[in-house]
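As structure tokens, the structure follows; a few thoughts come after it.
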Amino acid sequence: MILILLGPPGIGKGTQASVLSYILKINHISTGDIFRKNFKENTELGTLSKKFIAQGLLVPDDITNQMIADYLSKDIATKDFLLDGFPRNVLQARFLDDFFKKSHLFLTKVIYFNAGTKDLMKRIAGRRICPECGKVYHIEKIPPKNPGICDKDQKTLIQREDDKPETFLKRLKVFNKETLPLVQYYCEQNQLFEVDGMQTIDQVTKMILEVLETDRK
């Protein structure tokens, strides 16, 4: 089983990815984790990426594509995983299609989490993240056991710069321009399932599991 999760920033893809990977017993492959791994190991691709990020620029598709392909090639033995954060545009999606074809892999479903801007702004305002392990919390919906402290490593939680209102709106604009066309791309391939991302975590999970079960029959 191979799943792709799509949705605007702040919709909760990472949370849902963790839940689904646990229930379905498949690997959760996060683009953010792959980048952090390359940064930590000082790989050539990681070093190149840092140069663009330091200038406030998007990492070029060819670098991101190669980074993802390298990771998947090493971890391909399971052939069961979900992708969170990739592809981000149609060119990356076409690259991924070619990679799957060459690797004899088959995409099961693309899950698109939809929500309005006002709802997303409200949700993003309460989001907090651990600077050490990257675990995401929400002060109302997914609070830590101790306010402001990560359950895993006891680090003080922070609000990412990306989650501050002015930065978030810029990210949303980029999403609408670059990533939203993927909805049409995968819809035309009859691989898209759209879900209301503002429902509870359990409700969203239930809907996704039901559509996956239907596809298996």
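Glycine residues also receive a Cβ, built from the backbone N, Cα and C atoms like all the rest.
Among the features that Swiss-Prot reports, ATP binding site is placed at Gly10, Ile11, Gly12, Lys13, Gly14, Thr15, Arg127, Val136, Tyr137, Gln199, with the record citing sequence analysis. In the three-state DSSP scheme, Tyr137 (ATP binding site) is classed as strand. Other Cβ atoms within 10 Å of the Cβ of Tyr137 (ATP binding site), summed over all protein chains shown, number 21.
Look at Swiss-Prot and you will find 30-59 tagged as region 'NMP', backed by sequence analysis. Secondary structure by DSSP for the region 'NMP' (30-59): 21 helix, 1 strand, 8 coil.
The feature AMP binding site is assigned by Swiss-Prot to Thr31, Arg36, Leu57, Leu58, Val59, Gly85, Phe86, Pro87, Arg88, Gln92, Arg160, Arg171. All chains included, 14 other C-beta atoms sit within 10 angstroms of the C-beta of Arg160 (AMP binding site).
Computed over the region 'LID' (126-163), the whole-number mean pLDDT of the model equals 90. Residues or ranges marked as region 'LID' in Swiss-Prot: 126-163.
Mapped onto three states, the DSSP output places Cys150 (Zn(2+) binding site) in coil. The Cβ neighbour count for Cys150 (Zn(2+) binding site), using a 10 Å radius and every protein chain shown, is 22. Residues or ranges marked as Zn(2+) binding site by Swiss-Prot: Cys130, Cys133, Cys150, Asp153.
Each of the binding-site residues Gly10, Gly12, Gly14 was scored by how many other Cβ atoms lie within 10 Å of its Cβ, and the smallest score goes to Gly14. Between the alpha carbons (Cα) of Arg160 (AMP binding site) and Cys133 (Zn(2+) binding site) lies a span of roughly 14 Å. You'll find the Cα of Asp153 (Zn(2+) binding site) roughly 14 Å from the Cα of Tyr137 (ATP binding site). Excluding Cys130, Cys133, Cys150, Asp153 themselves, the residues of that chain whose CB lies within 8 A of the CB mean position for the Zn(2+) site are, in sequence, Pro131, Glu132, Gly134, Lys135, Asp151, Lys152, Gln154, Lys155, Leu157. A helical conformation is recorded for Gly14 (ATP binding site) in the three-state DSSP classification.
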